[in-house]
Amino acid sequence: MINKTFTSKKFIFPAMLAFMALVGCNPEEDMNPSTELSADATLLSQGVHPKSNVKLRNNHYVVLSSSETLPAGIAAELTAANGEVTSLMEQVGVATVYSDDPAFAAKASKINGVRSVVRDLEVQWYNPDDMKIVELADVGTPPASGDNDRFFDLQWGHAAIKASQAWNSGQRGNGARVAVLDSGFDLDHPDLLPNIDMAASRNFVTGENLGYALAGVGSHGTHTAGTIAAADNGIGIIGVAPEAKLILVKVLRDSGSGSFSWMINGIIHATQQNANVINMSLGAAIPRNGRFLNDNGTPEDPSDDFIENDTKAVQELLIAINRATSYATKNGVTVIASAGNAANDGNADKSLLHIPSASTGVISISATAPRGWALNPFSTFMDDFASYSNYGTSDIQFAAPGGDYIFAYEPNGLNVVTVGPTSQPAYVFDYVFSTGSNLKPGTASYYWSVGTSMAGPHAAGVAALIIGKNGGKMDPAHVLAKLRATADDLGKPGRDPYYGYGRVNALRAVTE
């Protein structure tokens with residue numbers, strides 16, 4: 001993921017400093033693809049897929065019952081087996097347990113009504129330590145925008161999906177409730193605060209709070225939430241559904257890692273809090289053969305890595321996740337997830353399963369982007385398929401704006417241009433601009449970022465507009481049908497590997 005951040009004073013904008021965080025794709029950084037290819041070949045020779053990004057979580061277990069309800073008295077029996085029950089998900093027949101007893105899994109498996117006991121999986125979704133921060137020049141006082149929200153001109157994704165035209169038709173997401181399952185959030189951000197349902201929001205990450213606590217980097221959760229439902233309040237940006245309510249559910253650490261059990265808990269919680277839409281801008285590439293590279297607790301030192309083989313853990317955790325997403329959709333929740341950023345061809349490579357985008361009932365979103373939009377904002381094509389996005393005929397249902405970084409490598413990409421209130425290198429404006437963490441007390445932050453993580457929220461916002469027009473409740477199958485009937489069919493006619501049924505269109509979704 002590539003980020004670009006700047007901070008500005010809440011409610012007033014005297015002068016701003018911009019910060020550019022480049023992750024894994026710095027135009028000035030020399031790369032050595034031969035080294036990466038060699039490492040990939042070594043992993044492949046050992047049956048480990050190099051694009052897998054998961055590891056088994058020691059001493060943390062997921063217990064599945066034989067049915068989609070938990071056996072009576074299961075908590076006491078798991079405790080008797082020397083386990084510490086950390087959550088009971090009665091709705092889907094899943095429990096999570098911590099135990100340092102090597103015999104726990106064997107003992108718990110003998111409990112009547114238990115189907116399986118497997119170790120949890122953990123994923124490092126993104127790593128803030130990999131970002132390079134570069135301070136840019138003072139951009140001065142922002143001029144007045146054509147919209148009363150100062151940075152709306154930077155939101156090319158809204159233009160691509162015709163969001164403002166949808167608002168002009170009278171649809172702004174009023175009555176819809178969107179749960180954002182992500183890392184921590186800036187709970188005081190002035191663009192989010194009016195729409196946050198704080199009572200329904202919750203943290204599932206051990207040892208952390210709901211609020212984003214790291215300084216100096218953009219908050220992934222805050223960014224996705226802003227794209228979905230930042231308020232139209234004359235301050236910074238506007239979400240696709242600016243009158244929808246936000247249920248913020250923390251399932252990832254602020255450092256970017258998280259377990260599958262936290263995600264499952266988050267899905268159940270969002271459903272119980274009457275969410276109409278769940279957005280999950282997260283994903284794990286699960287190896288179907290169950291072979292994982294274990295970093296032995298030292299991610300910076302590959303010399304002690306070893307391979308684990310646990311096909312059963314993969315199979316059972318997929319069942320647990322499918323139970324959770326099925327529970328959500330059966331209870332009226334439209335579930336949306338990003339398709340992933342590994343440029344993986346799902347038609348050719350069947351060795352990985354991307355979760356949760358491939359889970360039961362989940363709508364998978366790929367990413368689109370302009371190339372050099374800032375050079376001609378009114379005529380640049382905004383629907384190129386993003387260079388990093390996963391693809392595949394059965395893997396993608398819709399596309400949405402996610403941005404891209406490849407214009408940085410073209411002749412005009414580093415030319416400084418001005419759009420709206422800021423002047424930046426041209427390639428930066430091809431990113432998605434949204435809310436960020438509060439880097440300093442009393443400030444509001446905004447930043448650019450790239451990924452299918454940014455595409456999913458655009459689609460979630462459109463779903464919220466559809467549901468709001470329908471009075472705040474709508475069967476997920478009907479939401480899917482409306483998205484499909486009103487998407488702009490790009491690429492080959494019909495469903496194709498890149499755009500799925502097409503790029504979502506907010507205006508058509510609420511007027512046809």
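Each position is counted from 1, following the chain as shown.
Cβ atoms are placed via backbone N, Cα and C, with glycine included.
Copied from TrEMBL, the annotated features are:
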SIGNAL    1-20  signal peptide
DOMAIN    173-502  domain 'Peptidase S8/S53'
ACT_SITE  D182  active site, charge relay system
ACT_SITE  H220  active site, charge relay system
ACT_SITE  S453  active site, charge relay system
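Structure coloured by features recorded in TrEMBL.
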residue : record                           : DSSP (3 states)
D182    : active site, charge relay system : strand
H220    : active site, charge relay system : helix
S453    : active site, charge relay system : helix
Expressed to the nearest Å, what is the distance separating S453 (active site, charge relay system) and D182 (active site, charge relay system) at their Cα atoms?
10
Quick one: give me the count of other CB atoms within 10 A of the CB of H220 (active site, charge relay system).
29
Residues with Cβ closer than 8 Å to the Cβ of D182 (active site, charge relay system), same chain and 6+ apart in sequence?
H220, G221, T224, A225, L248, V249, K250, V251, L252, N279, M280, S281, L282
Within 10 angstroms of the C-beta of S453 (active site, charge relay system), what count of other C-beta atoms is obtained when all protein chains are considered?
31
Average the pLDDT scores across the domain 'Peptidase S8/S53' (173-502) and report the rounded value.
92
